[in-house]
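Participant: Below are the structure tokens for one structure; questions will follow.
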Amino acid sequence: MGRAVEPGSHRFAAQVNFVACQLFALLMAVWFRLYLHPSKTSPFIRHVVATLLGFYLALFCFGWYSLHFLVQSGLSYSVMVFVGLEHMHKYCFIVTLGYLILCQITRVYVFDYGMYSADFTGPMMVITQKITSLAFEIHDGLAKREGQLTPSQKYLAIRRMPSLLEYLSYNCNFMGILAGPTCSYNDYMAFIDGTCYQPRHQENANGKENGKYKQIEPSSKNDVISKLCTCAVSLGIYLSLCKLLPVEHSINDDFVSSTPFHLQVIYLYLAMLALRPKYYFVWTLADAINNAAGFGFNGYNKDGSPRWDLISNLRILDIEFATSFKMFLDNWNIQTALWLKRVCYERCHINPMAATFLLSAMWHGVYPGYYLTFLTGIAMTMAARAVRHNIRPYFLVSDSHKRIYDVVTWAGTQVAISYTVAPFVLLAVGRSLKFYRSWYFCLHLLCLLVVVALPVKSRRQQAKEPRDGLKDNRTELDSTDNNCNQKDKAT
């Protein structure tokens, strides 16, 4: 009998495979832009090559598990084609997300719980985002009137059903098959067709010269090099600190009993700080691969330099110096946040915030820690909103007060994020509750107290008040006009 292979060696081998495949994808991206440029070949060839390279990378990394990518994509495309447009997006959402959850349950509970097995569900999470976004965008473009759409929905709306090749290329291209990020279908098609450097709907005047947009194709070389340097620094930091500051140490009985509470808080912050560079490395490398292929152009800066952040997934400095819970979330996993907003938050009419957090938890996986994190996130978001609306205005009277407020809210945000995300890392419900018990559920209780003491009107109520004010003003104007007319008649 062969000797059993340790799960750690499986994990390390898979990580090496992933990095090697991403570096290969980076080289292919440069080749793709140089030799399969839209001016040199047809969109058909670009679709075929991008798709075949994507399948090759998936097969190399995940073996036959990668067939799940085709099954999920095939089932969803069948729903798009054979179900009527009126309800196609709903059924497609259920089928796609349901298949992802089924695979996640199989991976976690068929194999040893908490142990490493081939995490083929990672790419499926990105494919799920793309398929569901595509379904809603097709519904917006083919089943809704213009007046029913928001400006962003009008831009994203798809006016014809994609062909099977276009659909597979969008879902499984080599640039995003392993780590994303997700992107809109229209943006991807503009990249394939070579029209992505033309003026966009959100383009500002900075890219204009004498009333005309720059026609020279912008170079992504500087941005790619900068992002690769960020990747190298992030990887170095992560490899240096991840073993020194494990999050699991925060629930060690000896550590909890012998360490003062304020030092436990500092340790948790440092442990989370050491964990984040792993995500910085993965997402920044994925962004660099897309940029190297020519995808990701987002207009020009004020100084005329090109912006390559169309599908960027994070802003590191804004994350590390975030002064609010919302600011942290807005700059972390940006494309996933946009997906949640477009698919759920803007379309759900009953408690959209809770529905969005629930969808995020279901999409991430089936570990109980994920659900504890997102339930805690709802409380944190409500409390942070209450503080911002009720307390922040008192600190805007001077720059010194504002700086004090920023320092305090930065520290509070970092602690709140670390506290909220701890179960996401610990995974199991027992370990997660053990962590919260060691903190006496203090931030949960504080959030409850803040929400009760500082109520905040819902966004719909806030949006309604200006309309009511306008109605009142119109009423006053109408009554004034009537009085004036009466006086004119009397005269």
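Any Cβ shown, glycine's included, is placed from N, Cα and C.
If you look up TrEMBL, you'll see 463-477 marked as compositional bias 'Basic and acidic residues'. Per TrEMBL, region 'Disordered' is recorded for 463-491. Sequence annotations record features per position, and here TrEMBL assigns transmembrane segment to 12-36, 48-68, 88-110, 370-387, 407-426, 438-456.
For the listed features, I'd like the structural context: burial, neighbours, distances.
Facilitator: Proximity of distant same-chain residues to the transmembrane segment (12-36), defined by a Cβ-Cβ separation under 8 Å and at least 6 residues beyond the stretch ends, is recorded for 45-46, 49-50, 53, 57, 60-61, 116, 118-119, 174-175, 178-179, 285-286, 288-290, 292-294.
With a threshold of 8 Å between CB atoms, the same-chain residues lying at least 6 positions outside the transmembrane segment (48-68) that come near it are 14, 17-18, 21, 24-25, 28, 32, 36, 99, 103, 118, 120, 123-124, 165, 168-169, 172-178, 192.
Here the transmembrane segment (88-110) has long-range neighbours at 68, 71-72, 75-76, 79-80, 117-121, 124-125, 128, 131-132, 135-136, 138-139, 343, 362-363, 365-367, meaning same-chain residues at least 6 beyond its ends whose C-beta is under 8 angstroms from one of its own.
Residues of the same chain lying 6 or more positions beyond the ends of the transmembrane segment (370-387) and with a Cβ under 8 Å from any Cβ of it are 324-326, 353-354, 357-358, 360-361, 364, 409, 413, 416, 419-424, 427, 429, 432-433, 443-444, 446-448, 450-451, 454-456.
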